[in-house]
Amino acid sequence: DGTEPSHMHYENDENYFRGYEWWLMKEAKKRNPQIKLIGLPWTFPGWIGKGENWPYDYPDVTAYYVISWILGAKQYHGLDIDYIGIWNERAFSSKYIKLLRYTLDKHGLQQVRIIASDRLWEPISFVLLLDSELHEVVDVIGAHYPGTKTVPNALLTNKKLWSSEDYSTFNDEVGAGCWARILNQNYVNGNMTSTIAWNLVASYYEELPFGRCGLMTAQEPWSGHYKVEAPIWITAHTTQFTQPGWSYLQVDGHLEGGGSFVALTDGLGNLTIIIETMTHNHSQCIRPPLPQFSVTPQRATFYLKGSFYMVETLQVWHSRLGFESGNSSLFEQLHPVKVWKGHFSLDLNVDEVYTLTTLKTGRKCGCPEPPPPQPFPSNYKDDFNIRNPPFSEAPNFADQTGVFEYFINASDPGDHVFTLRQVMVQRPITWASDADQTISVIGNFQWVNMTVTCDIYIEKQRDGGVFVAGRVDNGGIYVRRTNGVFFWVFADGTYRVTSDLAGEEILMKGLSGVRDNAWHTLTLNIQGTSASGLLNGYPLWENVTVSTPSNGWAAIGTRSFEFAQFDNFHVE
């Protein structure tokens, strides 16, 4: 749902303090030092392809780029990357994967394992069976949204099988049911020993394409409000009582009345059993479609054998998703179960999750109530005057194409020393359909009438250009079809008003006298069906009729992938 800044915007550029991922990885490690870290490129900077929208023509350059990131993680943040992927949901190159392994080893990164190909089970499984050299360097086959199933070829490779991206579902109780079901059944049906949710926290504007498709919601940094949604407590049923490195017991985990169970051990005598009885309509994920099945209340008896025969009691944690009845209970500790002569029975209802475990470490945090929700401030200013910002990007701006970073103009006489600068000068090797323009959105999607003011500085001569906009209606994977009211000025001294980001639906155009490498102030005023624009405080155009969209965010951006600066942003 937007762009993230690379550690190498340009060939001669390296910076390991951009974006939020470094912070996020360190926070994760604080909570669980044993957590695993995986790097996976979604897209690559354009310079890697040397003009082509393809990362494999110069595999040595791509490998250098990826390994720089792994080395930077260690050097600047003390983070060990455990696995590295190839290219998210796009083609893989066997030649590149082999070169990546060679280059990792050359830099002393033997412990970094390779996962491929973060798409479907095929063709990677088939190619691994044909190519023994490739088989040797790929450690994990990662598939996306496998629907709990794998394929014969994947099993034949004898590799670890992971659902390396899954879930992606709205985080209500159905999302929790989806997550509970696949966390178990990815192993029970598909032999997958890892399931990774996209995404961790929904911390982006909800009206973007995958609003609230995170395990929890924290989408109001201006108020501090957040919500620990049901999928978080479903996660806890597994992750509070296991660790990376535990092993699944190879039992048939299908329950007779429907539902499933898995059992895991640390190999040191600890045992964790997780049971789920999710019904079909209460556990549908966003993809793939879920075939019909039935689950009925049942009594299940479990037999502990071998070294587990000696277990006398198991701690019990329970969740019930209530749906229509509204009487949900999430991650509650129940009375321990007594194991008698190696067996015990449980009465299972539908839409429940149980964890039975020898571990006594489970806990449900008693966290203070978060602040109440608030809409985005209806009068918002940012002058970007911050000497040592904690992050590289300004708060609340959500880049949808391009990257907008804090910038220091050392040569400026004083008014515009600290600015926000669009820094991407080349179209990336794209994953989604990035726009041909750059754009960062901000505010409240429900806004109708607004005034957006911003100082702008075009850096690109002749055909450079920038805009301010309101009622902006789209982003993410749909950014190319974004509509709104866009007020553009260009380095050639002209201006335009368009109803689309692409700049094709022109509502008004004319001369402005704007030039490059000089500061100007743009003001866009939208009231009802009418819009007007000011340049440096004087009316430039007025009474332009605007019909759709009827509401949306404010935004700033550039005509192409070009340097440009913004300062003293104000929306009301």
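Here the Cβ of each residue, glycine as well, is placed from N, Cα and C on the backbone.
What TrEMBL says about this one:
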type: DOMAIN; residues: 1-240; note: domain 'Glycosyl hydrolase family 59 catalytic'
type: ACT_SITE; residues: E89; note: active site, proton donor/acceptor
type: ACT_SITE; residues: E165; note: active site, nucleophile
type: DOMAIN; residues: 248-362; note: domain 'Glycosyl hydrolase family 59 central'
type: DOMAIN; residues: 399-572; note: domain 'Glycosyl hydrolase family 59 C-terminal lectin'
Nearest-integer angstrom distance between the alpha carbons (Cα) of E89 (active site, proton donor/acceptor) and E165 (active site, nucleophile): 10
Residues satisfying Cβ distance under 8 Å from E165 (active site, nucleophile), sequence separation of at least 6: N88, E89, D118, G142, H144, Y145, I196, W198
Local Cβ density at the residue listed as 'active site, proton donor/acceptor' - other Cβ atoms counted within 10 Å: 15
Helix, strand and coil totals (DSSP H, G, I; E, B; other) for the domain 'Glycosyl hydrolase family 59 central' (248-362): 11 helix, 51 strand, 53 coil
Model confidence over the domain 'Glycosyl hydrolase family 59 central' (248-362), averaged pLDDT: 97
